[in-house]
């Protein structure tokens, strides 16, 4: 039942990637975000008071669907609304994700019932409905949907709040003459650069999620104080974000992306063969693995968003990250079943997956300092080497 409830949540994320990822590119970022927040809140309350396991599973699935809509759309809005030299705000968002995870064992400790925890993580979503009056629609999305006047109005408003003025040529924003096309999977694989990027990102998302969730769930297998172990393993994510902030604008995205995967893989391998009687060393190396895979996870968000055109960005990132949900579905079964054969066997699998991923991401183009691509043609023109 535990495996199933976790798998159903990830199945919800998977369904959300296809449905709400498409909706955000078709109907707008902010509308999809607000509906998703409402859905997470309502489904979360129903899960907390579910009269039986079937109802619990159905609404846990739906909470996964809407949960995917909230965080992917939120991430895309933020990335689209800033200039190329401020895109590291995508990593700053991840820091708040980490702070949330660090707060979770405290909430779990203070609210000893699972229903209490469920309500504590669901109710705040209703507050985000207030963003309707605060967060504008993405001007980039409006332009691709041929709504230049609305985009210009939002950009004027942003400039005014920043104490700046739009230069006159901004009023001559021209929208390419392409027909407004709705996102489709074929658009992600039709052209050579897009196809290569899509396949690499799908594998990177799958690997990151499988190893990340596998290492978190492994805490429950190795004993110790679950609250404290969970907090420490979450706190490790803060230096991961800081390392990215320090390196990403200096040496680019591709190298840290590759190194973090390879470090995670090697750390998993070493952990597997360290004897139990030097537990402190075993835990330290395992923590290094968690640091590496967290860096890889946070960079894949950023680079995936940067390497897809505005017309396909939300749908494309959601679709690629659906492999992350597949990884999340497989993780509990893989971990618990393989660990029954040999406790360290999952770590060997994690090692192979991570090292292969580290080598594959070297084939991606560098995105440091480039403008966000608006069309598929823009992506095709990005060369492999900077």
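Quick reminder: no glycine exception, Cβ is built from N, Cα and C everywhere.
It should be emphasised that the depicted structure is a prediction, and the values quoted were computed from it without experimental measurement.
Residues or ranges marked as domain 'Major facilitator superfamily (MFS) profile' in TrEMBL: 1-369.
Per TrEMBL, transmembrane segment is recorded for 33-59 (among others).
Outside the transmembrane segment (88-111), and at least 6 residues removed from its termini, the chain residues within Cβ reach (under 8 Å) are 71, 74-75, 78-79, 82, 117, 120-121, 226-228, 230-231, 234-235, 237-238, 240-241, 244-245, 248-249, 298, 301-302, 305. For 88-111 (among others), the entry in TrEMBL reads transmembrane segment.
The transmembrane segment annotation in TrEMBL covers 117-135 (among others). Residues 30, 33-34, 37-38, 40-41, 43-45, 47-48, 63, 70, 77, 104, 107-108, 111 of the same chain sit 6 or more residues outside the transmembrane segment (117-135) yet have a Cβ under 8 Å from a Cβ within it.
Per TrEMBL, the feature transmembrane segment maps to 200-221 (among others).
Feature annotation from TrEMBL assigns transmembrane segment to 227-248 (among others).
For 255-274 (among others), the entry in TrEMBL reads transmembrane segment.
The feature transmembrane segment is assigned by TrEMBL to 280-303 (among others). If you look at the transmembrane segment (280-303), the same-chain residues 6 or more away from its ends with a CB under 8 A from one of its CBs are 75, 79, 87-88, 90-91, 94, 201, 204-205, 207-209, 211-212, 215-216, 218, 232-233, 236-237, 239-241, 243-244, 248, 253-254, 256-257, 260-265, 267-268, 270-271, 274, 317, 350, 354, 357, 364, 367.
Look at TrEMBL and you will find 315-339 (among others) tagged as transmembrane segment.
Residues or ranges marked as transmembrane segment by TrEMBL: 345-364 (among others). Non-local neighbours of the transmembrane segment (345-364) in the same chain are 196-197, 200, 203-204, 207-208, 210-211, 214-215, 218, 254, 257-262, 264-266, 268-269, 271-272, 289, 292-293, 296, 303, 307, 334-335, 338-339, 384; each lies 6+ residues outside the stretch with a CB under 8 Å from one of its CB atoms.
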Top Cβ-contact partner of the transmembrane segment (315-339) among 33-59, 200-221, 227-248 (pairs under 8 Å): 200-221
Contact set, same chain, for the transmembrane segment (200-221): CB under 8 Å, 6 or more residues outside the stretch: 229-230, 233, 261, 264, 268, 286, 289-290, 293-294, 296-297, 300, 303-304, 307, 320-328, 330-332, 334-336, 339, 343, 346, 350, 353-354, 356-357, 360-361, 363-364
